[in-house]
């Protein structure tokens, strides 16, 4: 069958929000797109993943969660949170190996969902990494001061200073650290990753020492923390689950691995392994450290601010205070690098697609990194870290991550059931498109002379393009019926993916709305649950799209248990999003509204898909081969 090309890249109406780009392929370099250096191996990806995930929060979070939620069951809380994070990791692993280009969740959503959602995800991630980097940097100077003897022990040019007429506390140390990390990232991805690997290794060594020394103390003292009258679940199973929701945010950070996909030597193999191994290491360390600390000290006696160092100090090990402080500093520095690393690549990806000025898409020819984007990101983060206490804005970091996790899971469902069947090509290929279109149209309309006596028994004659000849009406009828059946299957799948998302929103919103009376909440929960369950059942019953086998770069990781796994991922992430708090959502909404205005007045009209010509996926490579864009 032939095809017709259509211009769907209009910048007007709802159509611009649904524009989807093609997976970056071997033609990207031929089209003049500058590429990042492929320098990263699996060990470097693990260093990025572990360094971005294990922050200083683990040195504080253990005490708070144990005292308020989990008690001795804290280890199980970390395990459940790790499993929940693994659901998103599975989805990231498949998409990063199929679509190994810069941009992470922004890139995947642009391919699978559409330009409107991709813009909001990219815009939210910009906010996440900027505030996240500034918040991490401001957390380093107090720990440095403790390491040197006290809160006022830093040199004057690094110490925090309160400015009364502005009512702000400036932090020169935080700003300097951000600028140093920015400079390091500009040198090259290989060099900056090596530095992060060194710092991450130091942090892991501190945690290993905590585990070994704490295990020895626990054996000597009889694990007093587990011999409490209230038992292993002092707050019940619900308290343990609430602790899981709290510590879940300790695992966000592995998406930084996906942001470096374009710089990986063997993305189909190394990206899934890097994400999986990094998350496994983090989960193991979290569980071991938490198991040791809650065993050394009863949960109700824990210091919520310094649980690990105070637990060792209570057993006469004062040296642990300096060790834990050093571990917190290395963890913060590694997390700072992991926070600043992805944002320039997201800016670069958005600029490549025309949604942001081309300034951000420039790649330095010598270092092969987006130096302009990196410097711009670093300067903004340094200014925030210098003059603004961003602790109140830290919740906004979680919004960007959870939105990205949710859209990535939705993208997996789209990829499996309704992958894009048309791809956009640049208008410069219009001559080749017209040529191929004309050839297929002429082959379809051509009447082949046929000798009835010679070919009466031949029911398998095909045309030159491998499709059934129109001389056989029964074969043609079967082909038309198969096409109509496939179109019906895609419509059913798309409707049920939408119903799953609707059911999740209704269910989680009703379950979280404690202010509503039970007579309203329970029916809403029931309705949302039924809509979600119906969508899951139908998606499990119908066939997945055959196009999923050839979508993007094949041969990489395949997410298991589809559709159940991504739907569970959507459910968990949307529930956490809704429960972030109204203040956080109000501040994020202001940023998103600004993003909508930027898109309407710039991105919508400058998008590289504005004049794109959409053709069937099956013929894209043939059009490239017939043009000057030879790989």
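Glycine residues also receive a Cβ, built from the backbone N, Cα and C atoms like all the rest.
Positions annotated as compositional bias 'Polar residues' by TrEMBL: 460-471.
The feature domain 'Cationic amino acid transporter C-terminal' is assigned by TrEMBL to 557-607.
Here TrEMBL flags 441-471 as region 'Disordered'.
Look at TrEMBL and you will find 42-62 (among others) tagged as transmembrane segment. Same-chain neighbours of the transmembrane segment (42-62): 74, 136, 139, 143, 190, 193-194, 196-197, 199-201, 203-204, 207, 246-247, 249-254, 256-257, 260, 264, 269-271, 273-275, 277-279, 281-282, 285-286, 289-290, 293-294, 302, 304-309, 324, 327-329, 331-332, 334-335, 337-339, 341, counting only residues six or more beyond its ends whose CB sits under 8 Å from a CB of the stretch.
The transmembrane segment annotation in TrEMBL covers 105-126 (among others).
Per TrEMBL, transmembrane segment is recorded for 162-185 (among others). Within the same chain, residues 133-134, 137-138, 140-141, 144, 154, 191-192, 195, 333, 336-337, 340-341, 344, 369, 374-375, 377-379, 381-383, 385-389 sit at least 6 positions outside the transmembrane segment (162-185) and bring their C-beta atoms closer than 8 Å to a C-beta of that stretch.
Non-local neighbours of the transmembrane segment (197-219) in the same chain are 43-44, 47, 50-51, 54, 58, 281, 285, 288-289, 292-293, 295-296, 308, 311-312, 315, 317, 320, 323-324, 326-327, 330-331, 333-334, 337; each lies 6+ residues outside the stretch with a CB under 8 Å from one of its CB atoms. Annotation source TrEMBL lists transmembrane segment at 197-219 (among others).
Among residues of the same chain six or more beyond the transmembrane segment (231-254), those with a C-beta under 8 A of the stretch's C-beta atoms are 49, 52-55, 57-58, 61, 64-66, 68-74, 76-78, 80-82, 84-85, 89, 92, 275, 278-279, 282-283, 286, 299, 335, 338, 398, 401, 576, 579. TrEMBL lists 231-254 (among others) with the feature transmembrane segment.
Long-range neighbours of the transmembrane segment (275-299) within the same chain, counting only residues 6 or more positions beyond its ends whose Cβ lies under 8 Å from a Cβ of the stretch, are 42, 45-46, 48-50, 53-54, 58, 62-63, 66-67, 70-72, 74-75, 77-79, 82, 85-86, 89, 92-93, 96, 204, 207, 210-211, 214-215, 217-218, 221, 223-226, 228, 234, 247, 250-251, 254, 257-258, 307-308, 310-312, 314-315. Per TrEMBL, the feature transmembrane segment maps to 275-299 (among others).
Residues annotated as transmembrane segment in TrEMBL: 319-341 (among others).
Feature annotation from TrEMBL assigns transmembrane segment to 374-391 (among others). Non-local neighbours of the transmembrane segment (374-391) in the same chain are 129-131, 133-135, 137-138, 168-172, 174-179, 181-183, 185-186, 339-340, 343-344, 347, 360; each lies 6+ residues outside the stretch with a CB under 8 Å from one of its CB atoms.
Under the heading transmembrane segment, TrEMBL lists 397-418 (among others).
Away from its own ends, the transmembrane segment (519-542) comes close to residues 413, 417, 489, 492-493, 496-497, 499-500, 502-511, 513, 563-564, 567, 571 of its chain (Cβ-Cβ under 8 Å, at least six residues beyond either end). Annotation comment: TrEMBL describes 519-542 (among others) as transmembrane segment.
Annotation source TrEMBL lists transmembrane segment at 554-578 (among others).
Proximity of distant same-chain residues to the transmembrane segment (584-602), defined by a Cβ-Cβ separation under 8 Å and at least 6 residues beyond the stretch ends, is recorded for 116, 119-120, 123-124, 127, 355-356, 393, 395-396, 398-399. The feature transmembrane segment is assigned by TrEMBL to 584-602 (among others).
Beyond the transmembrane segment (105-126), the same-chain residues lying 6 or more positions past its ends with a Cβ under 8 Å from any Cβ of the stretch are 16-23, 95, 99, 255, 258, 342-343, 346-347, 349-350, 353, 355, 399-400, 403-405, 407-408, 410-411, 414-415, 419-420, 552, 588, 591-592, 595-596, 598-599, 603, 607, 609. Along the domain 'Cationic amino acid transporter C-terminal' (557-607), the predicted structure has mean pLDDT 94.
As a summary of secondary structure, the domain 'Cationic amino acid transporter C-terminal' (557-607) carries 40 helix, 0 strand, 11 coil according to DSSP.
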